[in-house]
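Reading through the structure tokens given below for one structure.
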């Protein structure tokens, strides 16, 4: 039984996304296999997970069990301690090789996120039924501070009144600031409310893939039927729609259909809607019609709170001075903080350090600290701005002048003048040998634009906070 379950989980790991494995498969506990009746009993930790697994994964598990036990097997799901039947001794099956093609076919039937060949509404629903929500991302474990309190308040309002308050809700900000956490929290809150809502979380890249496969299989009717029937659609990183005209067209139709039915749409992006490049103006107009909220890099107190909460979830006591030390030196985003904490915990375990101290942190993070302790340099500004605008650092020095390069270059020159002691000629030299008058023009242009354009002012604020901490 143990050997079978390990094989079952291993096989599902090859076919399902990691978040589905951690959210739905790993919490399951195999109880017993009744060899006489060919019944496999499996326990789920709560009613919500039980119903979800029974609906979405039972046939995969049955297919794997049938291959293993070499006979049709019925899988029953129950809550711990609810069965009046005695525990059945685990039969020791004859280990056999699991037939990969049969299992893969069964798993793909339920896990393939793209539309199948057109058949019926039921066939489309089998493919699309799963929400792909990460149940670990909730409002309860979302750390709130000045940087994200408005976004969290808006998210709570949407979760309580979907389709009526702020539709669409557009969240934007840099990498690792909690946008994905918030939209999963909204979905989980709506599912937990028990209203039977149809929810779908999808990264923009996956949506593009769905459109391509629907086009290849001539399955757009099934595709539209599914997406237009949702109660809540969560689209992550919509900037990846850039230049994908067919995808944008299909999303526009889905957007219009859902909003007309007062169904909720939530979108995340790394930039303000009007700054999205390669996106149809009709979509940008729709994005602006709802509520747009920025999430900024966390301030010091929030970074400390994030570290303390994460350490608590790992079951590791962390003195506040240790959290403060890490937060003081690592400033950019939540993901960086969590990565640093994992590094500290791994270092402490490897070296047998039972208590976390500042000295342990200094040793574990010496490579990161050597970088973060340095003064702000023009080179650091160029890299940070290039990363933000998704261009190459080399574009900062090049003679090319397209708009998608000229603006970031001028922003970097402006920040170099504001945040370093370099003279205009020195800054010009570091930007490919440009004349000091070019730098002065860029500084004046960005300074004037900042006073007039809220979006640019926000971008500069984020970049300054990232660079200064």
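In case you wondered, yes, glycine gets a Cβ from its N, Cα and C as well.
The ATP binding site annotation in Swiss-Prot covers 176, 178, 179, 180 and is backed by sequence analysis. Annotated region 'Domain I, interacts with DnaA modulators' per Swiss-Prot: 1-71, in sequence order. Here Swiss-Prot flags 71-131 as region 'Domain II'. What Swiss-Prot records for 132-348 is region 'Domain III, AAA+ region', and it gives sequence analysis as the kind of evidence. Under the heading region 'Domain IV, binds dsDNA', Swiss-Prot lists 349-469.
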Coarse DSSP state, helix versus strand versus coil, of residue 176 (ATP binding site): coil
Within 10 Å of each Cβ, count the other Cβ atoms and name the one among the binding-site residues 176, 178 with the highest count. 178
Excluding its own, the Cβ atoms lying within 10 Å of the Cβ of residue 180 (ATP binding site) add up to 18
Across the region 'Domain IV, binds dsDNA' (349-469), DSSP labelling yields 88 helix, 0 strand, 33 coil
In this predicted model, the region 'Domain IV, binds dsDNA' (349-469) has a mean pLDDT of 85
How many other Cβ atoms are found within 10 Å of the Cβ atom of residue 179 (ATP binding site), counting all protein chains shown? 25
Residues of the region 'Domain I, interacts with DnaA modulators' (1-71) by DSSP state, where helix covers H, G and I: 44 helix, 11 strand, 16 coil
